[in-house]
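Just below is one structure, and these are the notes that go with it.
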Amino acid sequence: MVHAALHGTSAGAVNGSPAKAARLREIVLFVWALVATAAVIVLAVWAQHGHHSDNRSPDSPRPRPHGKRNLIFMVSDGMGPASLSLTRSFRQLVDDIPINDTLALDRHFWGTSRTRSSNSLVTDSAAGATAFSCGRKSYNGAISMLPDFTPCGTVLEAAKRAGYHTGLVVTTDITDATPACFASHVNMRTQMDEIALHEIGEGPLGHVVDLMLGGGRCHFLANSSEGSCREDDVDVAGIASKKGWTYVDSRAGFDSLKLGKDVKLPTLGLFARNDIPFELDRRNMADVYPSLSEMATTALAALEQATRDTEEGFFLMIEGSRIDHAGHFNDPAAQVREVLEFDKTFQIVLDFLEKSDTEGVLVSTSDHETGGLSTALQEPGHLPVYNWYPSFLANAKSSAEYLAYLLRQHVASKEASLSKESLKEWINTNLVIEGLGITDALDGELSLVAANAADATTAFAAIISLRAHVGWSSHGHSAVDVNIYSSGGPAAEALHGNRENTDVGKFLRDYLGLDLDDITAELNEKLIPTTAINNQAMPMAAAEVEGSRPGWTGA
Ligand SMILES: *[C@@H]1O[C@H](CO)[C@@H](O)[C@H](O)[C@H]1NC(C)=O
Ligand SMILES: *[C@@H]1O[C@H](CO)[C@@H](O)[C@H](O)[C@H]1NC(C)=O
Ligand SMILES: [Zn+2]
């Protein structure tokens, strides 16, 4: 009918009397007017609700939210769903609690994240963290760089520019992929000398981070200093101090921060040469290294105090970095304590948000799974057993990494006088029985450890995994979807369900009402002459880079 009216014709007008035709014409016009009016109203409503947002590119932010707010983003590097089952059952055994007493994380399950990178179905932590920091997919190894090797602005950088305070807390090197992606831009994750400089404000955007706590001190010391791992003689910690940073590098230095009550920003705290030891080992060295929960408590208090009278709140990224390392080593006894410490830290952040006067949200997820962990293992030559045994993890006093370190020390001190048999006996007594809590090691297992005295980490890990019936499919990462957790609330609705990892980054951006495109444009102007052209490093197998971490070598 509308079609006919539009063309000025109708069956009646052609064939009926002139009066009838005029009348019909009136009716047709009236109905046409009604339909047109309705169409205008529908179009207006559509424009307001749907069309407007459809018109923006998916990468442009939602309108700036009202009110001061804090955002805490936690990353459980390498923690897949099986790590939760492992840790939940372990805790129920060790604490003798009922099967309905779950982890804090379990009670805040929010959704799942798909993790592939732009160039591989199995991501590395760099591409994973770029999805979080920029909300963009990139190649394995990328530190907030896009597949065309141009930089992308990050949530942390945009937050700083918008007036927020910013912080990074990790248990590995502060220059490692996850923290690096929030505050630096290089083609490959291995360019840590450059990353360290960006992080202290010597990058294209100047000062962007206010507080950094973690490990990786060696990247901040000139190559002429004891404990340096830099290739150049740039004293990064010295530059930071001259620029007004408070620099602390020891347990005494950490204690002087008074769990955040006595922090003058900016502050750089590097408490280990590389990694902070696994929680399982660290608890026996608590006078040397702070824990993840202690560092997170410090950061929350310091950032809360710094933003007490400011218009904007803070953005804090906290990473349980070494869940991933335990996965690479296939060490379930180390991993279960890393996850428990992460869960404890998650609860500390929840309690902080509960008490805070400022609106805030906690979102926590993993960049990927590591190890292909399975809470069951069929022993070769045996039928499947429908069980696994957390008690073997409970008996372990040391990580496989630390036992391998003790073995290296022992061999180095006894070099000439060791027979294979006496070495095996020493390994069994001091490392396997005492350290792993395993009393029935096979001769073949001890031989394997002795034959790999230079690095027996994976040999020790295999001994305990077999006893506990914990399975692994890889010493690298896997493509399984990982969980998303949140303190919840209406704002976090945007992250419910099965999401792409880039949706997590877009959520961080939108919750703080940030414009990353402006930062990207500025980076493109400033970065090209200084680093992008000089960076000849090309993407390579990042899993190799990450998988070949050196063993623990002390502070
Ligand atoms: C677990 O179950 C017990 C007994 O069925 C119940 O009393 C308790 O409240 C439950 N706890 C939780 C955390 O659901
Ligand atoms: C230390 O850095 C300087 C300058 O970058 C370089 O010339 C020198 O070879 C480096 N030394 C070592 C031992 O790497
Ligand atoms: Zn990894």
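Backbone N, Cα and C define each Cβ position, glycine as well.
All TrEMBL annotations are machine predictions without curation.
From a predicted model like this one, the values you see are computed outputs, not experimental measurements.
TrEMBL annotates Asp77, Asp324, His328, Asp367, His368 as Zn(2+)-binding residues; of His185, His219, His469, His477, the candidate listed for that same site is His477. For the pair Asp324 (Zn(2+) binding site) and Ser125 (active site, phosphoserine intermediate), the Cα-Cα distance reads 9 Å. In the three-state DSSP classification, Ser125 (active site, phosphoserine intermediate) falls within a helix.
Across the fold, the C-alpha of His328 (Zn(2+) binding site) and the C-alpha of Asp176 (Mg(2+) binding site) stand 15 Å from each other.
Nearest Cα neighbour of Asp176 (Mg(2+) binding site) among the listed recorded positions (Asp77, Ser125, His477): Ser125. Ranking the recorded positions Ser125, Thr178, Glu319 by Cα distance from His477 (Zn(2+) binding site) puts Ser125 first. Across the fold, the C-alpha of Asp367 (Zn(2+) binding site) and the C-alpha of Ser125 (active site, phosphoserine intermediate) stand 6 Å from each other.
Counting only the Cα atoms, the space from His368 (Zn(2+) binding site) to Thr178 (Mg(2+) binding site) is about 12 angstrom. Counting every protein chain shown, the number of other Cβ atoms lying within 10 Å of the Cβ of His477 (Zn(2+) binding site) is 29.
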